Amino acid sequence: MNQRNASMTVIGAGSYGTALAITLARNGHEVVLWGHDPEHIATLERDRCNAAFLPDVPFPDTLHLESDLVTALAASRNILVVVPSHVFGEVLRQIKPLMRPDARLVWATKGLEAETGRLLQDVAREALGDQIPLAVISGPTFAKELAAGLPTAISLASTDQTFADDLQQLLHCGKSFRVYSNPDFIGVQLGGAVKNVIAIGAGMSDGIGFGANARTALITRGLAEMSRLGAALGADPATFMGMAGLGDLVLTCTDNQSRNRRFGMMLGQGMDVQSAQEKIGQVVEGYRNTKEVRELAHRFGVEMPITEEIYQVLYCGKNAREAALTLLGRARKDERSSH
């Protein structure tokens, strides 16, 4: 590989970043995968697989490991950031002075900025300026299934149509990975944050033992909360019926590969928040997302009762069963109402 002709540099060598890098390389593209821990990258290079997260999925020959950030960012104009949302801004500020003049940035991070609840597009603009093309990919994607080449579909939105077209061509694989373009940059970002919150609630419901009826009701009303918040932010309501909305929501709420769902199940079974996080052993994005989504909802005056009750459990010590009963005991309403 020539030092400057990779199709993509992926920032973040966790399970999802590695899975996306594998997918790109499997499509025949030269891909550079960077991680912050040189020892981890050396292990990946030695094993030619990510044994910790994605065992038995060998790296294609066109996937190149890199621990030097300068070299990684020089390799491609296209940068795919796949890091937890609470370090997203920090990572962008770190890479900005090292990026090529023609750089374009896409992220697969799902969530909002820690503490402020800002959309990641606002974090990116603040860190990188107004000129760089931005894009986001989001949808129902478990890393293990994606890396294994099982059929998967996502949504892609960008501030730049040329960048969107290029990304769709790079990522799309007719055999296993379908990429839908979507002009709704706000909606595609927001769905990935709110679904994490609702997935914790779905897990709580199942952990309590409320059954499939309750889980489905919670998913449906969670989608309504997502759509209301999206409308307040200027998103297209139709986006939330697509991959980045309903698709990701159903996946995360119903399958135990979801850390957010498993976390919620433990809470529903009576485990405390700290112990549940420790037992998961990886980042539970929904824990922070709950606080961030609640902040955003308050800022825009959007009522989100499910989000509020999950917040009460996570941050105020409320019992999960009590929170569920609070939701069930709310006043009768028209299903189509805005609250």
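Just so you know, glycine gets a Cβ as well, placed from its N, Cα and C.
Together with LYS110, GLY139, THR141, LYS195, SER258, ARG259, ASN260, Swiss-Prot lists one candidate of ASP102, ASP130, ASP248 for binding sn-glycerol 3-phosphate, that being ASP248. Across the binding-site residues listed here (LYS110, ARG259), the residue whose Cβ sits among the most other Cβ atoms within 10 Å is LYS110.
Binding of NADPH is attributed in the record to SER15, TYR16, HIS36, LYS110, ALA143, ARG259, VAL283, GLU285, and the widest Cα separation among these residues amounts to 23 Å. The CA atom of ASN260 (sn-glycerol 3-phosphate binding site) is located 7 Å away from the CA atom of GLU285 (NADPH binding site).
Between the binding-site residues SER15, SER258, the minimum number of other C-beta atoms within 10 Å of a residue's C-beta occurs at SER15. Residue annotation for sn-glycerol 3-phosphate gives LYS110, GLY139, THR141, LYS195, ASP248, SER258, ARG259, ASN260. The furthest Cα pair among them is separated by 16 Å. Looking only at the recorded positions LYS195, ASP248, SER258, the one with its C-alpha closest to ALA143 (NADPH binding site) is SER258.
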